[in-house]
Structure formats: structure tokens, C-alpha cells
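Colleague: Starting off with a structure, shown below.
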Amino acid sequence: MNLNSIPAFDDNYIWVLNDEAGRCLIVDPGDAEPVLNAIAANNWQPEAIFLTHHHHDHVGGVKELVEKFPQIVVYGPQETQDKGTTQVVKDGETAFVLGHEFSVIATPGHTLGHICYFSKPYLFCGDTLFSGGCGRLFEGTASQMYQSLKKLSALPDDTLVCCAHEYTLSNMEFALSILPHDLSINDYYRKVKELRAKNQITQPVILKNERQINVFLRTEHIDLINVINEETLLQQPDERFAWLRSKKDRF
């Protein structure tokens, strides 16, 4: 299996997995044109589309892709049923694509119906988890997003986290504002800054490393608790997450 990223819009990534036979899986195609170009250039044969949620920058290219390749099966949560989904999937179910089983994980927060797909080592997490950050709470609650991130953080160490946006640099700038002396955060920030200066992608990321540098996955760590306690005493990790998310929204 080969993992490919296709840039779209200002900062989206459309992920494509292909096998040796050229069959491919497309994840969150917000725009059809760059996907069609990649299909033609690589002689891929699209077999399926995974949708994580209903936002237009993740589903906008579905109609055109299905018109061009009517054999495509489109998997997605209930909230994408009017966006071209032909196979609705929910938490705990599996999608069998390219000879692999992908587990469906419900991750409400960014939207209420958001889902992720996992087949070791690949995690397609849409707008739930970003490198160094997490998605905004457009529909769900902070508590829901906290629980969703806990689910993803519990996946195997070697999981390849495939995020849908290139937000890493700004996320790490925020992380530094919270934990300015953290060595892991400082090291990763320098690496990301160098990559982005060369217009290079910062993804996918390894989950084991992400747990060390993503403040939203560290709400139970004493260093972060101490920082938060300087402003307000919060007993529960989901409350600390809500505090962080609110800070990031204003950053």
C-alpha cells in the first residue's frame, strides 16, 4: 500500500491509498480536479471514497468523481448521506477496501457525526486531530472532542496520523505559547518551521511522537496542569481541554 497526499485549496490534504494493482481509496475529496489529475498521472483505478464529515472542503469533489468513475463506493457518516455517500457507516463498523479492513471510529466534536477510519498503520482523522492541534468545535462540545481525542490517542504507537489540513506550524506556535520551555515542543517546532519554509508537507505524523508535542493530548500531564492552574483551578481533564480549545480559538 502506498500513501499519497494531494494538496487542495489553501491548506487541505486529500489522502489516497493505492495498492500494487493501481486500485485506490480517496479520503475527503473536497475538490475533484487535483484528484482527477493524480488519477490520470498514476493510472489509478478508484475503488472507494471515505468521507469523515459533511463540510464542503471534504465532500465537494464527490459528485464529479462518481460521475467519472461510477463504480466508486462512497463511505461516510449519516451526516454525509446527502453529499454522495452510498454506504453509511457508524462507530464500531468496518469498511473492507483494497483488501483491508478499516475500523470506523465515531469522533464527535468538530461536527456531531464526524468519524475516522483506521487500518493499521493508517488513521484518516479528518478535522478531529491535527498535528499539534485539534479541530474547532463547530457542532459538538469540548467534552465530546476530549473523549474523541482520547480514543485516537489510544491507538498503537506506530499509527500514521493523516490529518486533513496543514495547520502544524500555527499549532506549534500555540503550543509554545502554553509550554515555552518544553524540549519536545521546541524541537518539533524548529523541524516544522524548516519544512514549511521549503513548502514541504509536515504529515503524516507518528502517533507516539504526536502524544509528546500536542498539548490537546496532554491535558492529564502535570506540566500542563500547572500552567492552567496559574489562571484557573480545573479538576477534570475535559475542563482543561475546554480551556485550551478556548485559548486556541483566540490565539
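Even glycines carry a Cβ here, placed using N, Cα and C.
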Colleague: Among H100, H165, find me the residue Swiss-Prot lists at the same Zn(2+) 2 site as D57, H58, D127.
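Modeller: Between H100, H165, Swiss-Prot records just one in the Zn(2+) 2 site with D57, H58, D127, namely H165.
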Colleague: Would you please pick out, from the binding-site residues H53, H55, H110, the one with the fewest other Cβ atoms within 10 Å of its Cβ?
Modeller: H55
Colleague: Which of these binding-site residues has the least crowded Cβ, counting other Cβ atoms within 10 Å: D57, D127?
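Modeller: Relative to the other binding-site residues in D57, D127, D57 has the fewest Cβ atoms within 10 Å.
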Colleague: Using DSSP, would you call D57 (Zn(2+) 2 binding site) helix, strand or coil?
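Modeller: In the DSSP reduction, D57 (Zn(2+) 2 binding site) maps to helix.
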Colleague: Test of understanding: give the count of other CB atoms lying within 10 angstroms of the CB of H58 (Zn(2+) 2 binding site).
Modeller: 28
Colleague: Any idea what the Cα distance is from H55 (Zn(2+) 1 binding site) over to H165 (Zn(2+) 2 binding site), rounded to a whole Å?
Modeller: 13
Colleague: List the residues in the vicinity of the Zn(2+) 1 site, defined as same-chain residues other than H53, H55, H110, D127 with C-beta within 8 angstroms of the site's C-beta centre.
Modeller: T52, H54, H58, T111, H114, G126, T128, G135, F138, A164
